[in-house]
Every structure is written in structure tokens, then in C-alpha cells.
Amino acid sequence: MGPLSAPPCTEHIKWKGLLVTASLLNFWNLPTTAQVTIEAQPPKVSEGKDVLLLVHNLPQNLTGYIWYKGQIRDLYHYITSYVVDGQIIIYGPAYSGRETAYSNASLLIQNVTREDAGSYTLHIIKRGDGTRGVTGYFTFTLYLETPKPSISSSNLNPREAMETVILTCDPETPDTSYQWWMNGQSLPMTHRFQLSETNRTLFLFGVTKYTAGPYECEIRNSGSASRSDPVTLNLLHGPDLPRIHPSYTNYRSGDNLYLSCFANSNPPAQYSWTINGKFQQSGQNLFIPQITTKHSGLYVCSVRNSATGEESSTSLTVKVSASTRIGLLPLLNPT
């Protein structure tokens, strides 16, 4: 974090003792010409880590300084101050016990929390011509590194075109913006999407296969941005009208009959077969070896989706003809 001046090991005074001192220090409010800058080390800090607000180009003849949380300079936002004469540190109402003030005006914040993000104001008081003081105010904004977001859903398994899904980008983070992507692109302009006022929540109306995702959300502040892992909705749909393969209908006695049925469905559909209105078997495939003319009739494949409750069926008329055997003609002996 760079060299620091050791914090004074002298008397610590509670903020109430600052009332008179603060009024005197703030009496003169003239602009300063010192090019004071404040730098965060490290530039991006994660929650739970430490950050140093390092002050550069501190002016000479320093009388003292005051740190405020935010840009309002009052006792409520007062964190700490340092008085050069006597090396006195004074703590205010905004002091959390995690701040350490140094004689070079730098401020160490330990175990950073979300509440620590935001602007800080450094009030520097410099000795003047012996009768007046010169003060300057320098504002710095601390940005926490955005956490990796995640997407929570009110329903990860919606029924197609029937249910509304609410996606939320977590966590809720102050002083950040939220943005959403679908299929790696910005959200299309459609009545099926609606965002909350903060963009943190996305409403999906009547989800279809075209709006099932994948979805990503991003949390961004002025210092960093982080994007979530993609989330794809498991869209429950179907079954569509089933298809029987092969569609061949004419057979001969002694042939093997093999039929397969398929319907697009999520979750996979349940299959059953009937022949001439009589249940034959369950399953997607039907196999009957060495069929006879008795196997002629109407073959129906029925499908059902247990999740959507939808059903569908299709039929195939099979005709089985008797085999015709061609015998050998007798040899005619010439006379």
C-alpha cells in the first residue's frame, strides 16, 4: 500500500470533544492551491478486504484534517480527525471502529463492507499567515469490486406460453446498475419482457421456446463489472402430434412388423399402442413378428406429457395380405 506514517499513539478523544475545535477549524473557508489527490490502494477492493485511501501532495504547515463519510460535512457524517499539535485523534459518530487515521492524512478501512462504498470528503486545514487558516475540501469515491452475480427464478420449469417467470439478479447492491442479456445479446423489444424500475428484476410473460434463454445478468458500477453464469429455463411443452415410422401400410403374412412413434415433448412423453381399439402395449416402439391377416387394422399411437397434462395421438391403417406361393410347373416330356 506504500509507506505510511505511523498513527499517533496519543490521546483518543470522543466526537463530543470536537464541538469547539470543529467550529474553530471551519471558521475560515478559503480555497487551497495544493493539488491534493486521493488514491485507493488497491484500486478495486472486495468485501471483507482492507483498503487504504492514500493522500498525495499533502500541504506543508498542516494544522489538521477531518474525514467525512459522504459529501455532507456535519457531525453526523464525521468519521475522524487529526490535530497536528498534540497529535490528537478524534472520533466521530460515523466511526465504525475499522478506520485508522495516519498523520499523513491517509485513512485505512479494514474489513470493508457494502456500506463503506461511496464518497468520502477530506477536509484539510493549513496554517495561514498566523492570524487566519486556509482550508480545502477533497472528495473521493470508493467503489467496491462488484461481486459475481447469480440469477434466481420464480420458476425454472414453466409451461410453454402459459406461465410468467420472474428472474432476479442477486445480490442487491447499492450504487450499481443492472443489465440483462438473452442468447448473448441485449433483450429484444417485445411485450413478453418487462424490467423493474432498477432493472434488477426481469418479468417474462408467456415463455416460449424463443424466450427460454439462456439469460445472463451483469452488475456494474463506475469501478468494475461482473456477469453471472447463464441460466436457461427448462420449458415444459408438448406433446406435439406424434409421427409413426415407417408410414408403410401394406404387408404380407409372415412379415415382421416394426413401428416407432415419436412426439416432440419436454419432459419426454409416455407412449402407448392400441390395435383396433384394444390396448396392445406401452412404449415408444411396437414389434410383432410374423404377422398374419388378423393383424390388419387401425394402429394408434397415443402420447401424454405428465408435466403439462397434454395428450395427442396419431393412427396408421395396416393391411396384411395372405402370402401367395407360386408352385413349380410339371415338366412336359416330349413324346
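Cβ from N, Cα, C; glycine included.
Keep in mind it's a predicted model, so treat the numbers as computed, not measured.
Straight from Swiss-Prot, the features:
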type	residues	note
DISULFID	Cys169-Cys217	disulfide bond
DISULFID	Cys261-Cys301	disulfide bond
DOMAIN	147-234	domain 'Ig-like C2-type 1'
DOMAIN	239-317	domain 'Ig-like C2-type 2'
CARBOHYD	Asn61	N-linked glycosylation site
CARBOHYD	Asn104	N-linked glycosylation site
CARBOHYD	Asn111	N-linked glycosylation site
CARBOHYD	Asn199	N-linked glycosylation site
SIGNAL	1-34	signal peptide
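Annotated features taken from Swiss-Prot, shown on the structure.
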| residue | record | DSSP (3 states) |
| --- | --- | --- |
| Asn61 | N-linked glycosylation site | coil |
| Asn104 | N-linked glycosylation site | coil |
| Asn111 | N-linked glycosylation site | coil |
| Cys169 | disulfide bond | strand |
| Asn199 | N-linked glycosylation site | coil |
| Cys217 | disulfide bond | strand |
| Cys261 | disulfide bond | strand |
| Cys301 | disulfide bond | strand |
Please average pLDDT over the domain 'Ig-like C2-type 1' (147-234) for the predicted structure.
93
From recorded positions Asn61, Asn104, Asn111, Asn199, Cys301, the one whose Cα lies nearest Cys217 (disulfide bond):
Asn199
If we check Cα distances from Asn104 (N-linked glycosylation site), which of the recorded positions Asn61, Asn111, Asn199, Cys301 wins as closest?
Asn61
Counting only residues 6+ apart in the same chain, whose Cβ is under 8 Å from the Cβ of Cys169 (disulfide bond)?
Pro149, Ser150, Ile151, Tyr178, Trp180, Arg200, Thr201, Leu202, Cys217, Glu218, Ile219, Ser228
Out of the glycosylation sites Asn61, Asn111, Asn199, give me the one sitting nearest to Cys301 (disulfide bond) by CA distance.
Asn199
Expressed to the nearest Å, what is the distance separating Asn111 (N-linked glycosylation site) and Cys261 (disulfide bond) at their Cα atoms?
63
10 Å Cβ neighbour count around Cys217 (disulfide bond)?
25
Rounded to the nearest Å, what's the C-alpha distance separating Cys261 (disulfide bond) and Asn61 (N-linked glycosylation site)? Just drop the number here, would you?
91
Cα separation, Asn199 (N-linked glycosylation site) to Asn61 (N-linked glycosylation site) (Å, whole number):
50
Would you list the DSSP helix, strand and coil counts for the residues of the domain 'Ig-like C2-type 2' (239-317)?
3 helix, 43 strand, 33 coil
For the glycosylation sites Asn111, Asn199, which Cβ has the most other Cβ atoms within 10 Å, all shown protein chains included?
Asn199
